[in-house]
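Can you read through this structure? Questions will come right after.
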């Protein structure tokens with residue numbers, strides 16, 4: 001054990017003193033040893049967290065600074081798998097939120113040695129995961145200053161989500177440390193908008209002698225229809241609710257693109273609906289064009305029939321999808 | 001460039017009008033369905049000498065039939081149940097209307113309602129849009145003046161269906177201005193039966209939206225008319241209609257943003273004209289002054305950000321007009337153009353900022369729990385779009401396409417209307433209502449242009465060649481715009497051949513299938529209206545295996561019990577959903593109601609419901625509560641009951657009292673919300689749970705299930721031994737849907753001198769409710 005410590009902390013001069021004490025002190029001086037050990041640990045943790053707001057831990061560090069008993073500080077641990085080969089996108093999002101929270105704590109005026117933020121990556125401390133019987137990442141756990149972690153010390157990720165505000169609330173609940181989450185303001189949206197505006201402005205300026213394309217009605221009509229299709233196929237719902245792209249049944253691996261209930265939808269489903277709506281609209285436009293355009297009769301007749309086919313076929317398809325979602329709906333057309 | 005566009009614009013307008021007058025006769029047949037088709041053709045061949053007469057007769061009868069169809073398809077609820085006010089908000093409107101008719105208009109404006117939000121009270125006169133009440137009161141007054149004695153309740157019940165007829169007429173007028181008469185008639189037929197509008201205007205749904213959609217459409221019609229004519233007369237009409245809209249619904253903000261947007265876009269497109277100047281300047285000033293006359297609106301139009309866009313556009317228009325004036329006087333063209341660009345850019349930036357602020361405001365509001373708890377404020381899935389609009393949602397983009405391709409001043413308006421309305425409908429389900437009219441109009445445009453080309457072939461040959469050729473000419477031009485290959489113009493005779501060449505077979509197939517789609521639309525609308533939107537939700541119905549119907553009248557039974565058996569000034573605590581109904585039907589004082597203006601008060605009620613009995617008793621004592629009313633659906637499997645809403649009570653209470661109430665306490669360790677034995681002890685002992693399941697553990701509903709089996713949540717309850725210390729059961733309705741508890745007074749203080757005597761507090765639980773219990777066990781739902 002000692003050799004392990006030596007290996008990991010050899011570069012720290014403080015540690016050598018500690019080793020000396022540990023080896024030399026007789027067993028009777030337990031109380032003093034404990035205090036020393038504690039202050040060592042606190043100093044060490046403070047030093048790390050002054051360097052980085054979230055302390056990275058491996059198995060040994062975790063056991064020594066988080067699990068081992070003499071402690072007077074609370075530790076929040078995020079168990080995660082951030083390595084790219086693990087392909088855990090949730091972990092990355094959770095990590096961002098966690099960093100925001102840890103930074104808010106690190107740079108707040110109330111920063112003290114009562115609370116530390118640490119992270120254990122699966123690829124650096126798989127043994128910790130085994131030891132704690134943990135088989136999912138990310139998981140947030142709180143290790144209180146005294147006693148073992150209880151049930152409520154595991155953050156309920158499934159239900160509350162991992163927004164830093166929620167994490168802060170949970171921490172306040174468990175440790176009585178209030179953290180005001182300070183998010184670094186997100187300028188990306190503004191910058192993107194400014195970029196877009198300047199791009200459009202620049203383009204207009206470059207082509208200032210030939211501004212015909214602004215008066216192109218087809219372009220404007222296309223843009224308007226894009227907005228309409230996006231909204232009527234429920235893209236706003238996707239934006240606010242963030243549903244999965246499609247559902248894969250874990251038992252038989254079957255992928256379903258249509259959500260079974262009328263209350264929800266998948267992203268893939270909304271794209272299908274978007275295409276169907278667009279096809280029906282195109283059919284209507286073609287019907288109109290076949291009647292008004294001049295040209296070869298045969299060609300116009302084909303356009304007309306294609307338009308009619310688009311409208312009728314895709315509408316009945318749309319109706320059948322609707323019917324499969326809205327249980328008890330009695331009507332169908334062509335397709336059951 | 002501008003001149004060129006104006007010229008082509010004029011041509012299209014002419015083409016549209018010509019199309020309308022020529023083909024008007026054939027299209028109404030399509031709109032009216034099977035019955036109208038034959039009449040249209042017969043009328044045409046016989047009445048060529050006076051086409052205008054026939055046309056107006058047909059239009060009139062089709063409009064009349066549309067209104068009639070709209071009115072009668074809204075009567076499902078009245079026929080199935082009775083003439084009754086529905087749901088929640090209408091009860092408040094009804095109560096206010098009743099107050100208005102009994103006490104007079106000025107008394108109504110000064111009304112302070114001490115029966116709501118006890119102990120705070122509510123200033124009703126200054127916090128409602130009075131348009132609805134005044135309309136109903138006025139109709140009642142006129143009818144009584146004519147000695148047609150109707151109860152005010154019937155006026156209220158049938159107000160929305162009557163106004164749906166008026167909406168159909170104003171939609172017809174607006175669409176006629178935008179496209180042609182045939183499209184107008186189709187649009188009127190669509191809006192009469194489309195579920196998106198019926199959802200808010202069935203008989204008995206006495207709510208602001210019912211009359212507001214009429215006001216909205218009529219305002220838009222008058223606005224388009226005033227932009228077209230540039231006459232102050234039409235603009236003043238528009239302002240008056242706008243005033244009516246402001247008095248009726250908070251959605252007037254949509255108008256006061258859309259009209260400035262229209263003007264702004266017209267300026268950007270260099271379509272500025274004197275007509276636009278006159279129309280908007282008059283509208284803004286007169287409309288502003290009129291809208292400020294409504295007490296609830298007050299000074300908002302000059303204070304809040306929603307109205308700033310209108311003011312900004314007004315200033316911009318003045319500046320633009322001034323520059324136009326200067327342009328005539330000065331010669332330095334370049335300088336002026338630069339100046340104009342600067343001004344318009346600045347104005348555009350201001351406009352966008354305002355839009356952005358409004359958007360973020362709306363977006364922020366969605367995330368407050370009390371707003372999020374209302375299902376109407378959810379974003380919209382595609383299923384809701386299809387459910388409410390059916391084929392119209394797939395075809396209206398085509399109408400939008402035609403409008404943009406043949407753009408003119410008023411079609412700019414309808415395009416902006418469509419895009420903004422579809423955006424708002426995507427954000428919030430309830431705003432589907434503002435989308436519905438424009439969808440009807442644009443779908444009508446799409447269908448009417450198809451029918452125009454595929455139905456009228458026989459008649460075209462009979463027409464005099466001169467009129468025909470000019471008509472064809474114009475149509476050729478409009479078609480040319482989206483014909484990719486610029487082909488050489490052919491002669492009239494060749495066109496005729498080409499026109500015929502499409503063949504009567506193809507044409508009739510197209511017509512038939514289109515009519516079939518429209519028929520399916522009508523069937524869908526009726527089905528949706530009958531199944532989804534015609535439940536009063538005050539009276540429930542359930543169906544047995546053999547199709548016979550049980551009416552569950554528990555709500556009114558309970559409210560009537562309250563009215564008859566409690567003190568006139570008794571205070572009833574319930575969740576806010578039922579506040580208006582208690583006030584309207586039971587006429588008792590409530591603590592919170594559907595006007596959710598005071599979140600902390602609601603949170604206090606939520607806290608009482610989610611605390612244990614003794615903590616709740618303290619809150620209830622401090623609020624002077626006499627009775628507690630809850631809705632319990634476990635016996636009949638009614639899913640909208642208080643246990644299912646309970647988490648929202650906890651959440652709202654937690655928002656205000658985070659120290660005392662924690663949402664996580666009400667979940668099992670696995671994070672589930674369960675009422676059975678595995679449920680969290682906090683839940684099993686909170687007041688709401690105890691009140692819902694009191695004595696329920698003794699009750700066996702079915703021989704297949706254990707006693708105390710909750711049908712709504714399909715679980716045997718976890719706490720069957722419920723005893724109350726501070727409450728007693730006062731009333732339980734026939735199907736246990738409504739349960740009322742009386743809050744006991746404090747126990748008498750124990751006498752001090754008899755120290756040896758140990759006083760056992762008297763605990764006697766008497767249940768006043770017995771009837772229906774035995775009968776109930778045999779009741780078989782579904």
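Each residue, glycine too, has its Cβ placed from N, Cα and C.
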Can you dig out which of the ranges B:213-233, B:276-296, B:444-464 TrEMBL describes as transmembrane segment?
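TrEMBL lists transmembrane segment for residues B:276-296.
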From the ranges B:99-117, B:308-326, B:479-497, B:498-516, pick the one that TrEMBL records as transmembrane segment.
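Going through B:99-117, B:308-326, B:479-497, B:498-516 one by one, TrEMBL gives transmembrane segment for B:308-326.
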Among B:382-404, B:520-542, find the range that TrEMBL records as transmembrane segment.
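Checked against TrEMBL: transmembrane segment maps to B:382-404.
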Quick test of your reading of TrEMBL: among B:249-269, B:543-563, where does it put transmembrane segment?
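It is B:249-269 that TrEMBL describes as transmembrane segment.
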Looking only at the recorded stretches B:123-143, B:181-199, B:276-296, B:308-326, which one has the largest tally of CB-CB distances under 8 Å to the transmembrane segment (B:155-175)?
B:181-199
At a threshold of under 8 Å on Cβ distances, which of B:123-143, B:181-199, B:249-269, B:382-404 pairs most often with the transmembrane segment (B:411-429)?
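Against the transmembrane segment (B:411-429), the leading stretch is B:249-269.
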Please tell me whether the transmembrane segment (B:276-296) and the transmembrane segment (B:123-143) touch - that is, whether there are at least 3 C-beta pairs under 8 Å between them, with each pair 6 or more apart in sequence.
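Counting Cβ pairs under 8 Å (6 or more apart in sequence), the transmembrane segment (B:276-296) reaches the transmembrane segment (B:123-143), since there are 3 or more.
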Would the transmembrane segment (B:382-404) count as touching the transmembrane segment (B:249-269), if touching means at least three Cβ pairs under 8 Å and pairs must be 6 or more apart in sequence?
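They are not in contact.
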Using Cβ atoms and a strict cutoff of less than 8 Å, what residues sit near the transmembrane segment (B:123-143) while being 6 or more residues removed from its termini?
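For the transmembrane segment (B:123-143), the nonlocal Cβ contacts are 93, 96-97, 99-101, 105, 108-113, 149-150, 152, 155-156, 159, 206-208, 210-212, 215, 244-250, 294-296, 595, 597.
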Can you tell me which parts of the same chain pack against the transmembrane segment (B:249-269), counting only residues 6+ beyond its ends and a CB-CB cutoff under 8 A?
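Residues 5, 129, 131, 208-209, 211-212, 215-216, 219-220, 223, 227, 242, 276, 280, 283-284, 287, 291, 301, 306-307, 309-310, 312-314, 316-317, 320, 344, 347-348, 351, 358, 409, 412-413, 416-417, 420-421, 424, 434.
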